[in-house]
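In what follows, a structure is listed as structure tokens, so that the remarks can point back to it.
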Amino acid sequence: MAEKPKIRRAIVSIEGMTCHACVNNIQDTVGSKDGIVKIVVSLEQKQGTVDYNSEKWNGESVAESIDDMGFDCKLITDQEIAAVEPQKASTTKLSISPLKTVDLSDGKVELQLNGVKYSKEGSSDHLEKCTFAVEGMTCASCVQYIERNISKIEGVHSIVVALIAAKAEVIYDGRVTSSDAIREHMTGELGYKATLLDSMGANPNYSKIRLIIGNLSTESDANRIESHVLSKSGIDSCNVSIATSMALVEFSPQVIGPRDIINVVESLGFTADLATRDDQMKRLDHSDDVKKWRNTFFIALIFGVPVMIIMIIFHWILRTPMHPDKQTPIFTPALSLDNFLLLCLCTPVQIFGGRYFYVASWKAIKHGNANMDVLIMLSTTIAYTYSIVVLLLAIIFKWPSSPMTFFDVPPMLIVFIALGRMLEHKAKGKTSEALSKLMSLQAKEATLVTMDSEGRLTSEKGINIELVQRNDLIKVVPGAKVPVDGVVVDGKSSVDESFITGESMPVVKKPGSTVIGGSVNQKGVLIVKATHVGNDSTLSQIVRLVEEAQTNRAPIQQLADKIAGYFVPFVIVLSLFTLGVWIYIEYNSARNANLPPGLRFEEALKIAFEAAITVLAIACPCSLGLATPTAVMVGTGVGAANGILIKGGEPLESVHKVTTIVFDKTGTITEGRPRVVQIASFVNPSTMSLKLITFLSGATEALSEHPIGNAVAAFAKQLLNEPTWPNTSRFHVSAGHGVTCRIDSIRQSFSSLALSGSTCEIPRLPDGQTITIPGTEVNLLQVSSKEVSQPNPDTANIVIGTERMMERHGIPVSEVVKMTLSEEQRKGHISVICAINAEVVAVISIADQVKKEASLAIYTLREMGLRVVLLTGDNSKTAESTAKQVGIDEVFAEVLPNQKQQKIKQLKGYKNKVAMVGDGVNDSPALAEANVGIAIAAGSDVAIESAGIVLVRNDLVDVVGAIKLSKMTTRRIRLNFLFAIIYNAIGIPIAAGVFRPFGFMLQPWMAAAAMALSSVSVVSSSLLLKNFRKPTIANLYTTSFKRHQKFLESGSFQVQVHRGLDDSAVFRGAASSKLSILSSKVGSLLGSTTSIVSSGSSKKQRLLDNVGSDLEDLIV
């Protein structure tokens, strides 16, 4: 038997982590390496615990691998695991509890069936998050009640309940309580049916699946399944429940997949099926609630219409309660025909139509809570009970006439309230349409295929999308949705990715191309290798972000929830007060002075009772509770549909307050990838053509890993149409200066390229002329046409690099070449010299191109009154050049990544509200520090944790769209609040009878209709946000912008450049910002060559003089 490799544990300190994205990056990168058994990184402790195979790693090499990722990592301890967990063998016994905790002096060790976890006491490593679907909530009082009671459970750290989304997110300590215990408390104790939707353990890199196990009968069966599943690599935990025949398995998708787990269970003789969670689409469209209230409405309507007819005939026309002689007695004078008919019609409505109100009210009252249902239940029950009691008293005591009853109140109230609830839930369903559409983009099934070594399909079968694993081969037929994110390995087609990129034209896909799950295949058949499955796919991340956003509560909503908590008790007290006041007023009124005391009291009670019930019926805390969440849901949904992911109410409410917007340069203002923009040739094209220069420089740089080398090689491939490179040797990299190599058999390789006829002809230029090279966007500048000593060589020594590199190799650099270099550097380009056989033949200029929409977006933001700042780590010359191109007049250059956060702090001073726009790569601390972080996602990377807003489509115009959407949504929230407050402030006094002396009063059914209308109106108001149209380049491209663009192209735009943490001009007030905008407008209109707010020319010259020629340092 082979000896098992020794597993050692290294504990390392890690400095430089800023958020959980860093943690995930380290865990994914290092954890995927061969020989790494397990890695757990703690952001709070700034430490990592790594279990590794001692035959392949040592403690120092583990620390170096993390250090190479850009973090400062040092080894603390390194020891064999056996020294830490001597009890490991005993933990595999089936009779023990799956989780044990042993106290140590420096923290805790959790011994699990499958390993050991370390954590400090009180560390967030034990915090877990679960999401429940919650049924039965009706208004903000329910939200507050659930949050208040669940937060009291020991181990629960926080809870957020979303009324519209009908969800609750709970963060809890997994050592103290569990998701099942929380669900039981919510369902059993609080009376709201809770269903677990999602549960995320302490390690976010693990996924969970639920399996329905068949043929499960005894506890030993459960233990057998657990032990076999846990024995597999990549399984973190497995719990099998006999009672529910369910298994919950937590696993690492990088190591094992759900199909593998099902195969393990089935190999033991049991059946295992994936337990899909409740149909979320159905929950989102509120179809069950709509159906429930539709049935209640029709029950109430069937009996309510006859009630209305009886009320009109007997009470309004004949006025039988006031004229006993017009009553039609039945059996006894105390029971009139109208009261008998009303009793028969009202009772079924009260029992069947009102049962939902009774159930909900009982749950609320049982736990000391009062909500909207309590008000409705009180108004209908009091009216019905009073009518029954007074009718029985009349019959028992043989009154001479039938008394005044309120049997008409329950049917009429329930008719209008049920109608209102039905319309409200229909409208709520429409608020989540955007999320439903996103979810509908996800494919339900995938076609799994296998291929032999020659690329032929050997098998294919349809499987559930949730069973797809990493590295699976998936077949996508024309017209089908791409099931998961992946890479094309075979086939060619075009794919519609408009839901992510916004690009209406299909994108061509061929082997090596990446595809996004949810996109639609157009023509050919594709074989795709799955790379991101389940929750890791782009579409799943977007859906999760939108769901979390709609659960996240806006600050303004917290005030509404507090008001709603006190609203219902206040209304009940006010109703009792109204009853007492009106009894006193009417009993002592001169109008009733001549009536007998009994009839006098009855008349007073009738009016007082009507007023009190009307107060209960008209009061509406729902409109207050719905004002914010409906607007947030529609706003975030509309944003997601337009490629703007807003992570909840807080960033949505904050963006419109921003006064200063800070842009990162690389990857944000610019494309983020260097490319060749110009080639300056110094030789006669007949002795050495541009194609040959490009061929040789491309062959040299194809061996380089530097971005500049990659840019040169990419241009050569584009111009020469993917050539076959010649033989190269003696390739050498001089760090920070350039590369050298020797190339042989040039003529043979180059002639085969010419024979293929795959390249276009480049016309010969006179000296000093420039053209755009056909088929590219690169300029060719023919500076001079000197003859070379070795035209069209077969062997060549190539040197590509800086002027200093040429000096090292003894290659003379003429004044013409130096002037060309200087001119290109002035433009902000990175330029390298290309020398062939010790002769300079060309200067290749590389630049990170400014995005085409950048200047338009910046101009629009400045027109909106915002101060725009460029914050970059690049040298001041490059930063100034970029700022001039896009129209930013304030630049902070040479700011190190760890200083960006400090610069944002400086800018936040003087009451500035700052938004930071970055690509999320090295901007995480700055994005988190800003009042609002806006991250531009690169393709499929939408889960940028440090940003409040993520722009999926990599379009700067979306920054303008996000601000406009925020303003529109915040305005709608305020209008909703205003309507809800005015409605209650005016409606309740009218219902209480304040205007009764002037002949203006409301019946209870009128109040119920008004109350139902108020909630529907608020939701409908929020739905108007669906009319939002995102700004586009077409509708922002105005005549004034054209003038501004010409002004920028003239080079007269003035820029203030500050270096490092220089804080001058940081604290700039609103007036100065407006003056800057005015300056830009004046300059655009008049073509002025000076700037009103520019610093003195001497200061500017000093600044530029101090910069020096530091572009060479970029060539690393």
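Using N, Cα and C of the backbone, Cβ positions are placed for all residues, glycine too.
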Annotated stretch (transmembrane segment, per TrEMBL) among the listed ranges 162-185, 330-353, 834-857: 330-353
Confidence summary (mean pLDDT) of the domain 'HMA' (207-273): 82
Cβ contacts the transmembrane segment (297-318)/the transmembrane segment (403-423), at least three under 8 Å, sequence gap 6 or more: yes
Feature contact check the transmembrane segment (605-627) with the transmembrane segment (563-585), CB under 8 Å, 3 or more pairs: yes
Outside the transmembrane segment (977-999), six or more residues from its ends: residues with CB under 8 Å to it: 556, 560, 571, 574, 578, 582, 607, 611, 614-615, 617-620, 623-624, 627-628, 1007, 1010-1011, 1014, 1017-1018, 1021
Remote residues contacting the transmembrane segment (374-397) - C-beta distance under 8 A, at least 6 residues beyond either end: 332, 334-335, 339, 342-343, 346, 350, 354, 357-358, 361, 364-365, 403-407, 409-410, 413-414, 417, 568, 571-572, 575, 609, 613, 616-617, 619, 1004
Counts of helix, strand and coil residues, the domain 'HMA' (8-74), according to DSSP: 21 helix, 25 strand, 21 coil
